[in-house]
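Q: For reference, the structure I am asking about is given below.
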Amino acid sequence: MGSRDHLFKVLVVGDAAVGKTSLVQRYSQDSFSKHYKSTVGVDFALKVLQWSDSEMVRLQLWDIAGQERFTSMTRLYYRDASACVIMFDVTNATTFSNSQRWKQDLDSKLTLPSGEPVPCLLLANKSDLSPWAVSRDQIDRFSKENGFTGWTETSVKENKNINEAMRVLVEKMMNNSREDIMSSSTQGNYINLQTKPSPGWTCC
């Protein structure tokens, strides 16, 4: 029996200089550099995982520049994404509070086929630095109030919790994919023209 491929698009967003590009490089190539140029627009990377004996997962990682939240281009960048990562710098309170704006922007422009928000992890990056500008209790409350799948502290520099966090996200996407397949198989071919569009869907 051949291997089955799953292709997922994952957004990596957050303010400038919180470590998005470093995260993508660390996760996709297991490399780290202190010297990265600011991303202009969007950058891409691919991560391939042998998920099981019969399943291969290919992740398209979209590293979106911090200033892009203020442009109309984000709708184009977000299209067809299966999940997202929102990052902030634990030593910078402004990047933490702006995570809410990033989440709101995502939720207003992107949903799963079911109409539900895409799974989204909140990563408290640069946890190797001190002092922290926000407490763990603040982050935990913020994560719950804003509908994140969950949060964890990370250090891209020290490679702390990167693979573990992404595995949680992949598991969530795989579960959603299986649910979509099950839903499609039970619906048959009948088209119900009276069904209202799912919340969050807009005509492009």
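Here the Cβ of each residue, glycine as well, is placed from N, Cα and C on the backbone.
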Q: Examine the ranges 36-44, 54-62, 72-80 and name the one recorded by Swiss-Prot as motif 'Effector region'.
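A: Going through 36-44, 54-62, 72-80 one by one, Swiss-Prot gives motif 'Effector region' for 36-44.
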Q: Which has the fewest other Cβ atoms within 10 Å: Lys126, Lys157, the binding-site residues listed?
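A: Checked Lys126, Lys157; of these binding-site residues, fewest Cβ neighbours within 10 Å: Lys157.
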Q: Can you grab the distance from Lys157 (GTP binding site) over to Ser72 (phosphoserine)? Cα atoms, rounded to a whole Å.
A: 32
Q: With every protein chain in view, how many other Cβ atoms are within 10 Å of the Cβ of Ser72 (phosphoserine)?
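A: Its Cβ has 8 other Cβ atoms within 10 Å.
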Q: Return only the integer: C-alpha distance in Å from Ser33 (GTP binding site) to Ser72 (phosphoserine).
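A: Answer for this pair: 31 Å between alpha carbons.
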